[in-house]
Amino acid sequence: MAIHVEGLLAIVIFYMLILVVGIWAAWKNKNSGISEGTDRSESIMIGGRDIGLFVGGFTMTATWVGGGYINGTAESVYLPGSGLAWAQAPFGYALSLVVGGLFFAKPMRSRGYVTMLDPFQQLYGERMGGLLFIPALLGEMFWSAAILSALGATLSVIVDININMSVVISALIAIFYTLVGGLYSVAYTDVVQLFCIFIGLWISVPFALSHPAVSDIGVTAVNTVFQSPWLGEIDPSEGWMWADNFCLLMLGGIPWQVYFQRVLSASSASYAQVLSFLAAFGCLVMAVPSVLIGAIGASTDWNQTSYGPVPPVEKDESDMILPIVLQHLCPPFVSFFGLGAVSAAVMSSADSSILSASSMFARNIYQLAFRQSASDREIVWVMRITIFVFGALATAMALLTGSVYGLWYLSSDLVYVIIFPQLLCVLFIKGTNTYGSVAGYVFGLLLRVGGGEPYLRLPPFIYYPGWQTRQKEQRLTQEVERFVEQRFPYKTVSMLASLLSNAVFSYVAKYLFESGTLSPKYDFLDAVVSRHSKETMDKTTLVTHDNIILSELAAVQPRHGGSVAGTFLNTDVLIDEDHMSPESSAEHQ
């Protein structure tokens with residue numbers, strides 16, 4: 001197949017548009033927040049905390065609406081034995097934004113944090129913050145690599161250009177405008193990219209539906225025509241697996257820096273909540289054309305198309321069903337619009353993940369853990385270097401690692417199992433400390449990794465109830481691969497075990513030290529009788545503050561009286577804390 005000159009031209013025009021918008025956004029907002037005393041590095045990470053409703057709604061939606069989202073949704077609907085019943089991403093991520101807006105956006109934004117890791121370092125110390133940075137970083141990096149890999153495959157299907165070249169060029173453009181403008185460039189390009197996704201996919205749907213090879217999707221939804229019905233069904237024996245994966249999406253979609261970067265850029269805590277709810281609606285709307293394209297793929301007699309008589313699922317190409325539909329069921333000029341949509345979706349996710357990873361490293365690792373005296377200019381340069389480094393690493397993994405999707409699945413599981421319970425503890429449970437945090441980290445990691453990961457061919461060493469040995473045949477090579485399928489909801493159980501162990505070990509350590517059973521000299525993590533104890537530290541004090549007086553280092557006496565809820569639950573975060581934010585405090589002074 002020869003290179004489509006028109007398609008290549010469409011891609012060049014689209015990329016130039018994105019690049020121009022990114023540079024314009026950086027220039028337009030180059031001094032935003034500086035006049036109010038905000039550091040330049042902070043402005044790059046979270047803007048001037050003045051993202052408007054229009055731009056904020058789009059960029060918050062782009063948190064999850066990326067290449068993996070639209071391609072994965074279409075694949076799930078198309079895949080025989082899966083169908084719409086297993087296309088959990090649209091509903092799962094929409095609910096994650098609702099839950100995040102209801103419970104997490106207000107306490108995080110009202111306290112004036114800059115990154116998601118700030119409260120962890122404030123309460124648990126720099127070393128624990130560094131440990132929690134690892135799964136957060138891996139999640140962002142593998143996500144970027146996975147979607148860049150998908151973009152290369154998509155471009156090769158429709159335009160027939162070199163995969164490596166397309167991935168490198170796409171990554172370089174995203175890295176460049178992110179490096180120049182930070183969050184402002186990411187946010188403004190998100191507006192253009194989401195428009196391209198919506199328009200590009202919706203233009204393609206009517207043409208694909210009207211193709212002679214496509215049967216009525218209403219009929220194929222419930223009847224077997226070319227394959228099993230695309231509505232799908234949930235077998236009772238797989239009910240726990242379905243619930244486990246849905247909880248992973250709904251709750252595990254919250255503790256990501258890409259989400260909190262938008263939350264923390266909002267002008268107020270209430271505003272952050274509104275943006276979360278708007279984005280939840282946007283996620284559902286943006287999934288509709290992907291669902292329809294997946295249904296079209298399941299309703300097509302491929303023998304009547306230029307694709308050939310063998311369906312994509314039998315060529316192990318079900319993950320590419322969206323670009324295949326665009327290429328073979330739509331006119332060329334329409335498929336190029338759809339290709340622009342896929343490219344836009346990938347770049348809207350890649351730039352956000354790269355910026356999020358570099359923000360956490362520059363602030364929470366470099367500045368707060370190693371160079372507390374670093375100047376603002378130094379932090380800005382560290383961010384720029386890490387944006388380039390992390391972008392290059394993601395690109396390299398997309399090109400060189402065949403199991404990048406397996407790495408993404410495992411790392412996203414670790415975010416759910418390790419970081420989510422830690423976030424619950426640091427925001428809502430009183431008295432947790434570094435000892436409990438370490439215990440929760442270890443328990444969650446062991447229980448999740450112990451369950452194995454088929455995508456990485458990682459065998460389990462913990463066999464949960466209901467496990468089965470399955471086999472998968474590679475249709476092209478006829479190679480049979482055996483793996484263990486865990487039908488027990490072990491991911492959610494691992495998360496709950498991590499949460500429980502954090503609370504239990506924290507209170508045990510707290511009791512042992514405060515009762516005198518253990519001498520304070522054995523508090524080697526400085527977690528109970530030190531500045532990192534919740535009871536001896538004001539919740540708006542950041543880790544860079546050194547004005548801790550001697551009385552704050554004394555052991556805290558046990559409290560008596562009060563309700564059980566008041567003793568264990570941090571109910572302060574559930575009330576309106578807008579008046580407690582650093583910005584509002586400064587206004588009152």
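Glycine residues also receive a Cβ, built from the backbone N, Cα and C atoms like all the rest.
Those TrEMBL annotations? Automatic predictions, nothing curated.
Record features (TrEMBL):
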{"type": "TRANSMEM", "residues": "6-27", "note": "transmembrane segment"}
{"type": "TRANSMEM", "residues": "51-70", "note": "transmembrane segment"}
{"type": "TRANSMEM", "residues": "90-108", "note": "transmembrane segment"}
{"type": "TRANSMEM", "residues": "129-151", "note": "transmembrane segment"}
{"type": "TRANSMEM", "residues": "163-184", "note": "transmembrane segment"}
{"type": "TRANSMEM", "residues": "191-209", "note": "transmembrane segment"}
{"type": "TRANSMEM", "residues": "239-259", "note": "transmembrane segment"}
{"type": "TRANSMEM", "residues": "271-296", "note": "transmembrane segment"}
{"type": "TRANSMEM", "residues": "333-358", "note": "transmembrane segment"}
{"type": "TRANSMEM", "residues": "379-400", "note": "transmembrane segment"}
{"type": "TRANSMEM", "residues": "406-429", "note": "transmembrane segment"}
Original post:
Where among 51-70, 129-151, 191-209 do we find the most Cβ pairs under 8 Å to the transmembrane segment (90-108)?
Top reply: 51-70
Subject >> Contact between the transmembrane segment (271-296) and the transmembrane segment (191-209) (at least 3 Cβ pairs under 8 Å, separation 6+) >> reply: yes
Original post:
What stretch in 6-27, 163-184, 191-209, 239-259, 379-400 has the biggest tally of Cβ pairs under 8 Å against the transmembrane segment (51-70)?
Top reply: 191-209
Original post:
Do we see three or more Cβ pairs under 8 Å linking the transmembrane segment (6-27) and the transmembrane segment (379-400), pairs being at least 6 apart in sequence?
Top reply: no
**OP:** Quick one: find which recorded stretch in 191-209, 239-259, 379-400 has the most Cβ pairs under 8 Å with the transmembrane segment (163-184).
**Re:** 379-400
**OP:** Go through the chain and flag residues at least 6 beyond the ends of the transmembrane segment (379-400) whose CB is under 8 A from any CB in it; none is fine as an answer.
**Re:** 39-41, 44-45, 140-142, 144-146, 148-149, 152, 164, 167-168, 171, 174-175, 178-179, 182, 350, 353-355, 357-359, 361-363, 366-367, 407
